[in-house]
């Protein structure tokens, strides 16, 4: 593995999101001095917090899986996650609701899920689910250490017996077809393949290897931190500070000072911070601009679809909603065509509805509730641009409300006391390329050793972390990216065998 050469005693981490904080903790654990610079006044990055009218609203990811990766970050500085953060295991992990009126609670406990599938779709589908679960577990074991939790220096690193094992498992076939090999019910196929949407590839075209995301969601477990998702970066930042990190909030990095091929200082709008190495976690275009160079690629990068998010604080709730409810539209395949090809808004939307107060009522005033609705939309490269979204956003908000009232949440509009709307305008303003928080799509030419590297040619002591580089998009992979960035500076730490997520208290 290629590592940063020369002195690496003091490392500046740009960005106090999950990737930056994971990098900071692993660097501190290896004995480095660490300064973290964050433009916002609080840690979190994409996992931010909005407080309004007594509501505590998470502005970023709402799904937490693979908490063992969080545990690893705390363990790097000799701490236990449980001493900093309480995680609640959600049961069910999701509730899937379909256009035909049927619904399925998705359990991560194998026996409970098998029974639910049998009641939902019959004994044959339950047997298929059992086989699918075994396949997902094998897929995870083959991929995690060799293809996900690894720093690639060359595609030749793929030449390993695990590659043959992945091929034997059907990992290079198509995701939807492979899921269909186990369960033929169209609704079940959606439950185990919808995750590809956030990776930016339709299930019919995505590699079956991406079912590893379904493993994380439907086998390893879905969790929620007491206090909301923002409690996670807050706990990580506190642990980093207690371990000796200096955290500079409210400072925007304006440039990197260089001497030849080395970065010698990080310059903010308030101070000049000398460094031996730097970890950059902003979105790729921002990091490349700071470095003064963009790596050449044979083909332009393709980005994942974006999302419109509607945050609502309400005076009532809808008890049929689980903590996470996926409301599938009928036109599932057409949805992907609209999002990735024609650039149109979903004509029959599939939505993720999150009700965090179902698990932690303290996030809202007494008797009040929080609801978060994520509606995938085209990114600004293939769909409406920023200028169009300024006019389109309020109209689309009204369309979403009407659709939600027609489906799961009648009377929603009248129940809203606080709300916030996030569109590609906001993602663009935050520095996210193509107006999407989901960064570079996980097409085959943008995965593994072909994804933008965390080292940039021409700079010997700068390392990238975050969802745009390896291994990719999602909370677990972003945490891994921070660890991988740290290892580029410190060298590899003691390797661990892949583990399933630990248990936790159940919702």
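Along the chain as shown, the residues are counted starting at 1.
Glycine is no exception: its Cβ is also placed from the backbone N, Cα and C atoms.
Taken from Swiss-Prot, the feature FAD binding site covers 12-45. Within the same chain, residues at least 6 positions away in sequence whose Cβ sits under 8 Å from that of residue 12 (FAD binding site) are 34, 35, 36, 37, 266, 273, 275, 277, 278, 279. A strand conformation is recorded for residue 12 (FAD binding site) in the three-state DSSP classification.
Same-chain residues at least 6 positions away in sequence with a Cβ under 8 Å from that of residue 17 (FAD binding site) are, in sequence order, 43, 44, 45, 46, 47, 233, 281, 466, 478. In the three-state DSSP scheme, residue 22 (FAD binding site) falls into the helix class. Classification of residue 42 (FAD binding site) by DSSP places it in coil, neither helical nor stranded. Sequence-distant neighbours of residue 42 (FAD binding site): residues of the same chain at least 6 apart with a C-beta under 8 Å from its C-beta are 48, 49, 230, 234, 249.
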